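Student: Please find one structure pasted underneath; my questions will follow.
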Amino acid sequence: MFARRLLGLVLLLLLLGPALPAGPPALRSGLGIPVSCRLSRAESELRCRVPGGKLCNDRGRCECGVCICQVTEPGKYYGPLCECHDWVCETYDGKICAGHGKCDCGKCKCDEGWHGEACQYPTTCNLTRRKSNEMCKNSQDVICSGAGTCQCGRCKCANSEGNGLVYGKFCECDDRECIDDETGEICTGHGKCYCGNCYCEAGWHGDKCEFQCDITPWEIKKRCTSPDGKICSNRGTCVCGECTCHDVDPTGDWGDIHGDTCECDERNCKAVYDRYSDDFCSGHGQCNCGRCDCKEGWTGKKCEHPHLCPMSVEESTKKCQGNSNLPCSGRGK
C-alpha cells in the first residue's frame, strides 16, 4: 500500500514539475534589459528599432530585443514593433474607414463594393456627373476646394508625393502652408499644423513658428493678461507678451480696439456701431478707452441725455411717441 502511494506521489510531482517555478525571477540590469538576456544593449535596441530610428515606434519599451507595447485607452498598440493600432486608420467624414470597412493594424480593410485608403469610394457609381460634382463642392461652390478631383461625389485630394498634406472632406485643409521655406519643416519643428495653420509651442510665434520669444511663457502670459484677468481682454492675440488687437481700423490710423491688453473698445462709445463713423458719445463728449466723458450739460452712458430739457412734457412725449400709440413703443421712458 505504501509503495503504491509513493509511486502516485512521484507521478504527481512529475506532472506538476513543468508548472513549478524553476528558480528566482531574472533580475533587471537597470537598463531595462533582464540580467539573463544574452544580448547587449546595442543588439537589443537594434532588434526593436524601426527604419525611422525610433524604438518600438515610441509606443513601448524594449526588453532583450522584444517590444513590450504600451496599453492605451481606447484600444492598444500591438505588433512586433508596436506598429499597429486600430484607432489610427484613415477617416472620412468623421468615420473610421468611412463606416465601410474595418481597421487592421492602421490600414482599412474595405467591405465589398468599396475601395480607397478610407474605404470612401464605391466600386460602382450610380451618380450622374452633375450630381457628383454638386456633392464635391465646398461652401464657396468650388469643387474639392480646387485641390483635388471629384470621384462619385467624394473628393480625392491631390497628394502626388503621397505625403497626405492635403485632406478634408472637400480637401479644404492644406498643411503644405505650414512648411517653412528655409528649413522645409512643418511649423519649423516648434508647433503642430492643423488644417493649414501652425499652433506654436510656448516661447515660439510667427505664421510658421519661426520666431523665438526672449521671455518665459509665464512672463508672456503676465504681460498679456488684462485687468479683468483675460488674455488680451478676449479681443486680441498674445504674441511674445504683446497683444495684437482684433478689428483694427483698416486705414491704419486708430483702431476701434486698443490698449496694451486690448482693454479699450471704442465701439462702446457709439450709439449705433459704424466703424467709419466719428459719432462718438452722441457728439457731446470724449471717448476715453471705451468710456464716454460727457461735456457739461450732458449725461448718459453715451452722453445722449441733456441735464436740463428745454421741451415741455407734452413736446417730449410727442417726440418719443412718433408713429407709435405709446411713447418709446411702451418699451422705455
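Glycine too: its Cβ is placed from the backbone N, Cα and C atoms.
Straight out of TrEMBL:
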type: SIGNAL; residues: 1-21; note: signal peptide
type: DOMAIN; residues: 46-83; note: domain 'Integrin beta epidermal growth factor-like'
type: DOMAIN; residues: 89-119; note: domain 'Epidermal growth factor-like'
type: DOMAIN; residues: 132-172; note: domain 'Integrin beta epidermal growth factor-like'
type: DOMAIN; residues: 178-209; note: domain 'Epidermal growth factor-like'
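If you look at the structure here, what lies around each of the features I listed?
Tutor: In the predicted model, residues of the domain 'Integrin beta epidermal growth factor-like' (46-83) average a pLDDT of 82.
Within the chain carrying the domain 'Integrin beta epidermal growth factor-like' (132-172), a Cβ under 8 angstroms from the stretch's Cβ atoms is held by residues 92-93, 116, 120-122, 125, 195, all 6 or more beyond its ends.
If one looks beyond the domain 'Epidermal growth factor-like' (178-209) by at least 6 residues along the same chain, the residues whose Cβ comes under 8 Å of a Cβ in the stretch are 168, 172, 216-217, 220, 239-240.
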Student: Taking helix as H, G and I and strand as E and B in DSSP, count the residues of the domain 'Epidermal growth factor-like' (178-209) in helix, strand and coil.
Tutor: 4 helix, 12 strand, 16 coil
Student: Go ahead and report the DSSP secondary structure tallies for the domain 'Integrin beta epidermal growth factor-like' (46-83): helix first, then strand, then coil.
Tutor: 6 helix, 14 strand, 18 coil
